[in-house]
Every structure is written in C-alpha cells, then in structure tokens.
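As given in TrEMBL:
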DOMAIN    18-157  domain 'Pycsar effector protein'
TRANSMEM  35-55  transmembrane segment
TRANSMEM  61-83  transmembrane segment
TRANSMEM  138-157  transmembrane segment
Amino acid sequence: MTATIRSIAQPTDDQWAAAHDAVSHDLARVEAKGGAILSAVSLPLAAAAVAAPALDLTGPALTLTLAGLTLLTTALLLVLVVIRPAGLTGQPPGGSWLYWATASTPDIARDVASDHRADQLGRRARLLAHKMRRLRQAVTLLISGVVALAAAALLALI
C-alpha cells in the first residue's frame, strides 16, 4: 500500500474571515458575560460587606460570612481580569494597532502588506482561552461564595 502525502492547503480568505469572526464573537461573549457578572454581583457584595458588621454574627456564622465575602471578592477580581484589555509587554506584534502606533510610516506600509492572519488568530485564540478559564474560575468562586453565605444565613437563624 502506498502512502500519499497531501500538501497543506492554504486557507481561503473566506475561511480566514470565518475563523476570525468565530474568535471575535466568542471574545465578545466572554467579555459580555464578565460585565454581566460584575454588574450583578458588585452592588450586592458591597451591601453585604457594609451590612455584615451590623448583623452581630459570631462563631461559625461569622466565619462562613467572611469566607463567602472573600470568595465573592476574589471572583470579582477574576472577572476584572477577564474584562481588562489585553496588555502586551515588549515589542508589539506586527499586524496590530499597537505596532502601528509606534512604527514609522514605511514600517507601517511594509507591515500592512504582510499577511499576519495566522499570528493574529493564534494570539486572539490564546487570549480567548485565558479569558474563558478565568471566567470559569470566577463562576466557581461565586458559587462557592453564595453557598458559604447561604450557610452563614442558616446558622445565624438557628
């Protein structure tokens, strides 16, 4: 049996556009979810943090309340990481506005003439994966924090 080796086909412009659109759509979704979580939890968290000292909690109820508030605060910090604009260190990559902001006019012209689609797609996909992991961690912390606060409320009623 003879093995045939096929060459790797170059993606079409439509395939590049579809891949970039898919990543852009998911980036927008994860940032919108992060914004919704931030809006939904930040005000109740602030109210709980202000009201907790006035509740005169002791023992396990106090411990669970503090743990719950700590978990919620940590989750909100992770959400801020999700919605924070991506920062770059070192030389900005070609094919990006960050590069063009510091490049000379001839360098910009050469850069625009280059095909950076694979690099851009890879960077954006890695950014999306990072944001999704952080959002998932934040949701897990939020769930844990709500459970701790619910347990504290039950203990306070006993």
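From the backbone N, Cα and C atoms, a Cβ is placed for every residue, glycine too.
TrEMBL annotations: computationally assigned, not manually curated.
With a threshold of 8 Å between CB atoms, the same-chain residues lying at least 6 positions outside the transmembrane segment (61-83) that come near it are 30-31, 34-35, 37-38, 41-42, 45, 48-49, 52, 55, 131, 134-135, 137-139, 141-142, 144-149, 151-153, 155-156.
With DSSP classes pooled into helix, strand and coil, the tally for the domain 'Pycsar effector protein' (18-157) is 119 helix, 0 strand, 21 coil.
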